[in-house]
Amino acid sequence: MRFPFGQPVTRRLLLGGSALLGGVQVVRLALGAASAQPHGLGHGAVPAVSRQSVAPSAAHVAHGGMMTVGEVDAARNGFDPHTILTSWDTGEVIWDGKGHLCREFVVEASDKDVEIAPGIIFPAWTYNGRIPGPTIRAMEGEQVRIIFRNRGSHPHSMHFHGIHSARMDGVPGAGDVLPGGEFVYEFEAKPFGCHLYHCHTVPLKRHIHKGLYGTFIVDPDPARHPEHEAAARSRLLGTPENRGWQEFVMVMNGFDTNFDDENEVYAVNTVAHAYSRRPIVIDRARPVRVYLVNVTEFDPLNSLHLHGNFFDYYDSGTTLTPTLKTVDIITQCQGQRGILEFTFKDHEPGHYMFHAHQSEFVELGWMSMFDVRGEIA
Amino acid sequence: MTTRRTILAVVTPLLLIVAVAVAFLTVDPLRSLTGAAPPIEQVTVERHVLDGDGIALLVRVGGTAPVRIAQVQVDGAYWTFAQEPPGELGNLSSAWLRIPYPWVLGETHHFAFITRTGLAFEHTIDVAVATPDTNSLGVLGLVGLFVGIVPVALGMLFYPALRAGGTRSFGFALALTIGLLGFLLVDTLQEALELAADAAPGLHGAAMVWLVAALAFVLLLAVGRRKGGEIGGFALATSIALGIGLHNLGEGLAIGSAFATGAAALGTFLVLGFTLHNVTEGIGIVAPLVQERPRWPVFIGLAALAGLPAVVGIWLGSYAFSPHWAALALAVGAGAILQVIVEVGGLLMRRSATQGTSWASAPAVLGVVLGVAVMYGTALLVQA
């Protein structure tokens, strides 16, 4: 008389059972017309329940209920994913004491609780109190000096993807900094491209997925690339050509909130659904350049798919001509990165989605939108 | 003077207990051990309702600090939801989560509740079917009658045969009843413990089951014997009917929740199985009446007492039930069944004593064995 009660009942068992036994009239009688499935819930028709959870907007109609509930307190976090998109840390140009000009940056590691999705607090490790860390930007050939202070509770380092000496590699034994300690990384910014930096202290997975990573952009020096000078000038921050572009840095990341080596939350620049809740405003008259970095842990791949448009892709950003032309999905392995260039100039204004093309990541937060506008005041 | 002293003797230790607790909480001597450790949290789903509005889940939380359910994943997707009541949930409190999710008939849905601390608690609806609405009350009630009243009434039809069989068959029928009740005792306890395991851990379900069963046993024994001495005849038949009724309440809960959880694909066969299984219960109830001449309303009353709880159980099971309440009801049932086993056993032994035979006579042993065997055999019909 023990009953299939609280134990897993498989469909196969049930189907097999009912086929074997024939009649299921009683069930039909009991359930009858009661099989009221929720019709039209998925699209358009917003059920009454969701009324309080999200403010209505065009962007919200598109998610059809597939959305986190509530808002992340950016003030409490101390950073806003929208600000991270366009904030470049260009350091400070100083004389290095040996008679050379040098670009100096200061980065501090610290422990910090970060709200990575509405209401979910992640005990993170951060560079300069934010995830991703500051977007460090220099020009090809410049001397770079990074003063790294560890204010965290564990040893940390900064390992730059770039060309530098073993002493400056930021790995155990070379630039690994104990809590309270300091290290100065010095190297020449090269090669030009879209790179990243991250903590290389062991255990590696833990140190990276807790939040210790950021983007390292080396702009090409137009003088060194006469054959592609225009392209190089458009990439170099501060030039009039560069000001014609809308540049964004997007770090694809994930968070394993219960430490089971699987991500509960996926996002771009940390906060789940940040850019679907409040889409990124695009002036369709100006081209778009995205510095895309994948630091997702646990999943080998992440991707970006742009809706209604195609883009050119520069793998690692180390070339001035595209490595991949006219695609609408780019896949990146862990640590892989590149530059996307596209334009909406011939598009009608509206909301254009972009997201991972792994549906799993989409449904767990990596869903975003461009709000393409005709005229920007 | 003495009363004042007594009151003082009671109040003083109580005050001291409070004082110690306050001091402990203020000083918090364990702080150095626990440090910044996150609180312990637990989220258990007690009920779900699937209808045209989506999915509603009744969750109960436990923990060393209030629990805030930050996000809900359905099938690996963050989904909008509304919580009633909203906000943080204190230890052992519950709330409804209403999720406008387009569930799919006959398929499995997985849930994960992410709390503020990032912990994920999972729940699965094995087979999604619409929760029976009030229109199905009648049909479900009918199922209850088939499982509860019909078999008990059919079993009672053996009454004339038992009477015709004389004293020997009376002893046999009592022994049969003991076997049957023994089976029910084990079955009820097992079901109660399974339900207790599904309940929120903070409620200590298993301990509750054992304690409530023991208390019910002692209490019912005392009530039954309040006029002194053992009970027999009509009083014993009533006790048996009550114990069986509580057991049938559990069966009803199981069937009802099977309808609610989609396990009811086995429906017709299952209901028929339960019907056959419960016929023996009717024999058990009327066994102590063999040497009396009850009028027919007595039979109707006893059948209702033993059978109607199945109807109630099915209703509760399919609409509104929480595992801990069900476990509690079944624990009372287990206590009641143990009480009637003791009483029927006592009656059997008194009879053998007056007849100068051993209580372990061949018909008695055969009766017990047959009772267990028949119950076990018919139980095979309702094995899933």
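Keep in mind that glycine also has a Cβ here, set from the backbone N, Cα and C atoms.
TrEMBL labels come from automatic prediction, so no person has curated them.
The transmembrane segment annotation in TrEMBL covers B:139-162, B:169-186, B:206-224, B:231-249, B:255-276, B:296-319, B:325-348, B:360-382.
Two recorded stretches are said to be in contact when at least 3 C-beta pairs lie under 8 angstroms, sequence spacing 6 or more; the transmembrane segment (B:169-186) and the transmembrane segment (B:296-319) fall short of this definition. As a quick check, the transmembrane segment (B:139-162) and the transmembrane segment (B:325-348) miss the bar of 3 or more Cβ pairs under 8 A, pairs 6 or more apart, so the two do not touch.
For the transmembrane segment (B:231-249), the list of distant contacts is 147-148, 152, 177, 181, 184, 187-188, 220, 224-225, 278, 281, 284-289, 291-292, 294, 298, 302-303, 305-310, 312-313, 329-330, 332-333, 336-337, 339-340, 343-344, 347: same-chain residues at least six beyond its ends, Cβ to Cβ under 8 Å.
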